[in-house]
Amino acid sequence: MPEALPPRRLSVAPMLDWTDTHYRYMARQITRHTWLYSEMINAGAIIYGDADRFLAFNDGEQPLALQLGGSDPHDLAKASAIASGYGYNEINLNCGCPSPRVQKGAFGACLMNEVSLVADCVNAMQDAAQDIPVTVKHRIGVDRQTEYESVRDFVGTLSEKTACRTFIVHARNAWLDGLSPKENREIPPLKYEYIYQLKRDFPTLEIIINGGITTNEQIAEHLQYVDGVMIGREAYHNPMVMRDWDRLFYGDSGRPIEYEELVERLFQYSRLKIKAGNGVILPHIVRHALGLMHGLNKARIWRRMLSDANLLKNNDGSLILEAWQEVKNANSRTTEIL
Ligand SMILES: Cc1cc2nc3c(=O)[nH]c(=O)nc-3n(C[C@H](O)[C@H](O)[C@H](O)COP(=O)(O)O)c2cc1C
């Protein structure tokens, strides 16, 4: 029997250019149960491009969701059908990205204004994905739509018209006019209460909260009101924050990974990937590990060595071990955390 999937109590957010397969490999060494999400991939890239390049992932990355971008039900269905052969555990539709590039293609956050079209997309994706659940990630509103009712009606309509039962909600509006994507992750105010209210209004749906959450204490607090918490930037800039998640939020009594062990696995992984070819070079892998030593002495040396073009050009994973040795020496008196 296949192993049962853990609940989506914790997940790492889809992040373009960040949550690629190399980042996810590292995250998966740190947490066994947390759900991981791919970067957003345009449906068209899968249909007309090299699908394998966008969809292939390492053994053991699951539970893993693929996030698709698009607004054409036919294309989204086709991309979902192709992706369904790869072993993803969920396919997610992006209805929250405010980037102007995405708006031009009329998808991302502006889809929140077109709930019937979103329902058509989700239904087409679900038909094509067969038994892989299709979920939606969205905001609490777009532009000056500030009242709770807009997000309530969006979720209510989709839950009536589609089989989607999981809604991941970034607790901010997307302001499509005048703010950059980065500003759109910082300036519109966070309204966690809206997400708690969604769970009260739709108790049978799985409601996941996202936006501005960084500590285990905050996660524990949110879990009193919703089914799951999705973390983005903190899990990227400080990956070791995930180290206690299995124990704290999944009741796993296993030992959390040690830095030394993780560094050794990253070293082995980089050797394997570089040797296999496919255009993978050391910077592709280590750029996601720059925040790994966050909070330790000499974390800056680690970051500096792993982003030094001169050192990276040898394309030799031993650099990871050398940089680690610097950190290890500088922290030898605090060995309990290593
Ligand atoms: C670099 C970057 C890229 C992102 N790309 C995506 C994306 O591809 N799809 C998506 O739904 N959200 C994307 N987001 C938004 C995150 O998924 C998340 O909703 C947002 O960062 C808020 O969560 P946080 O405060 O925990 O980071 C991105 C965020 C960042 C920082």
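Using the three backbone atoms N, Cα and C, a Cβ is placed for every residue, glycine included.
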(message) Of the candidates Lys137, Lys182, Lys273, which one does TrEMBL list alongside Pro14, Met15, Leu16, Gln67, His170, Asn210, Gly211, Gly212, Gly232, Arg233 as binding FMN?
(response) Lys137
(request) Identify which of the binding-site residues Pro14, Gly212 has its Cβ surrounded by the largest number of other Cβ atoms within 10 Å, counting every protein chain shown. (result) Pro14
(message) Let me make sure I understand the structure: which of the recorded positions listed (Arg233, Arg300) has the fewest other Cβ atoms within 10 A of its Cβ?
(response) Arg300
(request) Might you list, by sequence position, any residue in that chain lying six or more from Arg185 (site 'Interacts with tRNA') with a Cβ less than 8 Å away from its Cβ? (result) Arg172, Gly211, Arg233
(request) Return the residues near Asn210 (FMN binding site), defined as same-chain residues 6+ apart in sequence whose C-beta is under 8 angstroms from its C-beta, sorted by sequence, else 'none'. (result) Ala13, Lys137, Ile168, Val169, His170, Ala171, Val229, Met230, Ile231, Gly232
(message) I'd like to verify something. Among the recorded sites Lys182, Arg300, Arg303, which ones have a C-beta closer than 6 angstroms to some atom of ligand 1?
(response) none
